Amino acid sequence: MSLMRNFGSRDYDNAIIEEMLGEKQAEESIVPSNYSETENGERGGKGGDGEFEDHSVFSMKNILWHGGSVWDAWFSCSSNQVAQVLLTLPYSFSQLGMVSGIVLQIFYGLLGSWTAYLISVLYVEYRARKEKENVNFKNHVIQWFEVLDGLLGPYWKAIGLAFNCTFLLFGSVIQLIACASNIYYINDHLDKRTWTYIFGACCATTVFIPSFHNYRIWSFLGLGMTTYTAWYMAIAALIHGQVDGVQHSAPQKLVLYFTGATNILYTFGGHAVTVEIMHAMWKPQKFKYIYLLATLYVFTLTLPSSAAVYWAFGDELLNHSNAFSLLPKTRWRDAAVVLMLIHQFITFGFACTPLYFVWEKVIGMHDTKSICLRAVARLPVVIPIWFLAIIFPFFGPINSAVGALLVSFTVYIIPALAHMLTYRKASARQNAAEKPPGFLPSWTAMYVINAFVVVWVLVVGFGFGGWASMTNFVRQVDTFGLFAKCYQCKPAVPPPPKH
């Protein structure tokens, strides 16, 4: 509890008391009757029958398991936004250069916060419309493709489902690849492919976590782990100092420049699970600015660490996509590796849980209350993730490819277009559940920003970024081959000849 008070103190406790007891349920509700009902059928801390549950607000189960406050959402967004990509950002700096790396982090961070805001607005709009029709969301988790279906029709549902599921699939693949890449720097007796087999089995245990409502303690711990790792990287690089003959020649080639830029676009495109995180909140309409606040905190992790490591090692990073491979082996580095492994397990769960929901809905198991039955039903989702991680073990380059081809549409272009089309009519704008924000009180200005997001990401992110990242990705395949046993490993030293 002392750790949690450091972050929330009295405000955090008050939030739990208010929201779990439902004392202010009608304060900001769109449709007060059942707006705050969660996927478990709880309404502001009440059971499905409207009676208060008989349990202590501060029981251990609530502290560790039942999360739905504003702070829980902030921890989830912050923890999920920066994971293994923290280790590849110095590699991106070696492709971009120091100035471009810093500028693009800030630019894409703000761009991602804007589209996350749009997603939250569309969720509230969809939820308000459906609840006016007396639709009951008990034991049902709303997802992004359902929001698109309700607001824009089945074609948008198909597009959203295809992009979102494919992105989350490869997002889970990247976490597995990162696990194998990181543990290798502690124990190189096994190759990275063998470690992928092992961690695939470990990550499969996330099938037992029912929903984002139950990630409270994991999100809290995960953010602490990435915070330690980021500051370890920055401090270790500064203590190590610059290597002999260090060079900072980036940017040199357009292919490398746009590959690095697309990895940063991927970094701040982690809000494909925004709707699921909102649905787990007791008051989802309070989410609007949470992602921006999470991004501002993430800047304190990504900017110092990537800049310091690039300053110390320069162009050497072009052949080392994982920053751990250049930092000196110490107990501090081993601790950072272990913490990142645990955090990647958590992030795997974040990326995979929406896929679990989709699969449950397909096979008709989504409303099943038994955790064990749902866990067994979810297992087939893990198998293709495991297989793809073994085929494409290219830690670093795969981030850029996923960013250009999937993230650009999933969390940038589609939300901006969906917002523009949802409120294209004057009647829709007049009856909107969420009006334009106070800092931008004009629908016209919102349309201009949305149009800029669509054009920029389509041309720079998908166009140039797709060309560069796929060129680099194909180069990795040509160099190392599919099913590479140990990607970017040091060649084995032959034994001395016997006399």
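From the backbone N, Cα and C atoms, a Cβ is placed for every residue, glycine too.
What TrEMBL says about a protein is an automatic prediction, not a curated fact.
Fair warning: this is a prediction, and the values are worked out from it, not measured in the lab.
Look at TrEMBL and you will find 66-459 tagged as domain 'Amino acid transporter transmembrane'. Per TrEMBL, the feature region 'Disordered' maps to 27-48. The annotation transmembrane segment is assigned in TrEMBL to 102-124, 161-183, 195-213, 220-243, 255-277, 289-313, 335-359, 371-395, 401-423, 444-468.
Counting Cβ pairs under 8 Å to the transmembrane segment (195-213), the stretch among 102-124, 335-359, 444-468 with the most such contacts is 335-359. Taking pairs at least six residues apart, the transmembrane segment (161-183) and the transmembrane segment (289-313) share fewer than three Cβ pairs below 8 Å and do not count as touching.
Contact count against the transmembrane segment (371-395) (Cβ pairs under 8 Å) is highest for 335-359, out of 102-124, 289-313, 335-359, 401-423. The largest share of C-beta pairs under 8 angstroms with the transmembrane segment (335-359) comes from 220-243, of the ranges 220-243, 289-313, 401-423.
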